């Protein structure tokens, strides 16, 4: 079951989330929007197991990376039965 992984532009390019991910869902890509000149990207969301280690590792006050579990996404969209 894949989950939705959202990277926000508050990312500071620290790579903590990438290193914390046990399934290599995240990677860093070039980006001029922060001092580190890179941002996290989630090209392999189908491999996300929903452990949320990336969220726990994020040092920003507003989590720059969020994992939305499939049942959370369904509930938030009002599609739950």
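Each residue's number is its place along the chain shown, starting with 1.
Note: Cβ is positioned from N, Cα and C throughout, glycine not excepted.
According to Swiss-Prot, the [4Fe-4S] cluster 1 binding site annotation covers 11, 14, 17, 58. For residue 17 ([4Fe-4S] cluster 1 binding site), the number of other Cβ atoms no farther than 10 Å from its own Cβ, over all displayed protein chains, is 26.
Annotation comment: Swiss-Prot describes 21, 48, 51, 54 as [4Fe-4S] cluster 2 binding site, evidence class sequence analysis. Counting only same-chain residues at least 6 apart in sequence, those with a Cβ under 8 Å from the Cβ of residue 21 ([4Fe-4S] cluster 2 binding site) are 53, 54.
Counting same-chain residues at least six beyond the ends of the domain '4Fe-4S ferredoxin-type 1' (2-31), those with a Cβ under 8 angstroms from any Cβ of the stretch are 37-51, 53-60, 62-70, 73. Taken from Swiss-Prot, the feature domain '4Fe-4S ferredoxin-type 1' applies to 2-31.
For the domain '4Fe-4S ferredoxin-type 2' (39-68), DSSP puts the residue distribution at 8 helix, 7 strand, 15 coil. The domain '4Fe-4S ferredoxin-type 2' annotation in Swiss-Prot covers 39-68.
Taking the Cβ of residue 11 ([4Fe-4S] cluster 1 binding site) as centre and 10 Å as the limit, one finds 22 other Cβ atoms among all the protein chains shown.
Beyond the ends of the domain '4Fe-4S ferredoxin-type 2' (39-68), by six or more residues, the same chain brings 1-29, 31, 33, 76 to within a C-beta distance below 8 angstroms of the stretch. Looking only at other Cβ atoms within 10 Å, the busiest spot among the binding-site residues 14, 48, 51, 54, 58 turns out to be 54. Within the set of binding-site residues 11, 17, 58, the entry lying nearest in space to residue 48 ([4Fe-4S] cluster 2 binding site) is 17 (CA atoms).
Residue counts of the domain '4Fe-4S ferredoxin-type 1' (2-31) by helix, strand and coil are 5 helix, 8 strand, 17 coil (DSSP-based).
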